[in-house]
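Peer 1: According to TrEMBL, the protein has these features:
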type	residues	note
TRANSMEM	22-42	transmembrane segment
BINDING	H39, H175, H179	Zn(2+) binding site
TRANSMEM	54-71	transmembrane segment
TRANSMEM	77-95	transmembrane segment
TRANSMEM	107-126	transmembrane segment
TRANSMEM	132-153	transmembrane segment
TRANSMEM	174-195	transmembrane segment
Amino acid sequence: MIIPPIFGAIQSVRDGLEKRYIASYLALTVVGMGSWCFHMTLKYEMQLLDELPMIYSCCIFVYCMFECFKMKNSVNYHLLFILVLFSLIVTTVYLKVKEPVFHQVMYGMLVFTLVLRSIYIVTWVYPWLRGLGYTSLGIFLLGFLLWNIDNIFCDSLRNFRKKMPPIISVATQFHAWWHILTGLGSYLHILFSLYTRTLYLKYRPKVKFLFGIWPVILFEPLRKH
């Protein structure tokens, strides 16, 4: 998930959207690039470039979701401080302990926060966004589930694939599915967050599909009568 978020960031700049959404798109691109570098090299430094931006991007997502219903271009310095401090603590501890479970738990906490906030929005604020909200959550959580299954049962899955036909071996590469599904789920989450925000700002957001397959948000301000 590298190129689509770049186009999303460019479109956000053109539309004059708040910088937090530009940062969201670019953060997703950084995660994609870090993951690409790690899987090409399998070096520890590249692993950090893969895993730590996952924490940072999720912190940006959390900030966007909790600031959806504020004045345009407002800044919540208290929330920013908390998220930056959280990122610094996670980074420092992870560099010292080098324990993957710690990273997974911290990342899971951020994801759980996003899930609760998203459910609140589609339940109590904008119920008509359930389709987009639950789709982004469902795809992301499915990827998150497959990632954990792959981590826990890695050896068993490897032995299972050796006995299966190639097509089944490919289909059960859960780590690959994790990257595909969480990348797509994260992108859809940004659209959901952006849709929620522009609705609050009294725009007319619409989800369109470029080339009939790729979702983007287009909108225009409400005209004054």
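Glycine residues also receive a Cβ, built from the backbone N, Cα and C atoms like all the rest.
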Peer 1: Sequence gap of 6 or more, Cβ distance under 8 Å, 3 or more pairs: do the transmembrane segment (22-42) and the transmembrane segment (174-195) meet that?
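Peer 2: As far as Cβ distances go (cut-off 8 Å, pairs 6 or more apart), the transmembrane segment (22-42) and the transmembrane segment (174-195) touch.
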Peer 1: Show, in sequence order, which residues other than H39, H175, H179 on the same chain lie with their Cβ within 8 Å of the centre of the Cβ atoms of the Zn(2+) site.
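Peer 2: Apart from H39, H175, H179, the close residues are S35, A176, W178.
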Peer 1: State the non-local partners of the transmembrane segment (77-95) in its own chain: residues 6+ outside its ends, Cβ under 8 Å from one of its Cβ atoms.
Peer 2: 48, 51-52, 55-56, 59-60, 62-63, 66-67, 102-103, 106
Peer 1: Same-chain Cβ contacts of the transmembrane segment (107-126) under 8 Å, 6 or more residues past its ends?
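Peer 2: Long-range Cβ neighbours of the transmembrane segment (107-126): 54-55, 58-59, 61-62, 65-66, 68-69, 133-134, 136-137, 140-141, 144, 189, 192, 196, 199.
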Peer 1: Within the chain of H39 (Zn(2+) binding site), which residues six or more apart in sequence place their C-beta under 8 angstroms from its C-beta?
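Peer 2: Long-range Cβ contacts: D50.
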Peer 1: So which of the binding-site residues is most packed in, judged by how many other Cβ atoms lie within 10 Å of its Cβ, out of H175, H179?
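Peer 2: Going through H175, H179 one by one, the largest Cβ count within 10 Å is at H179.
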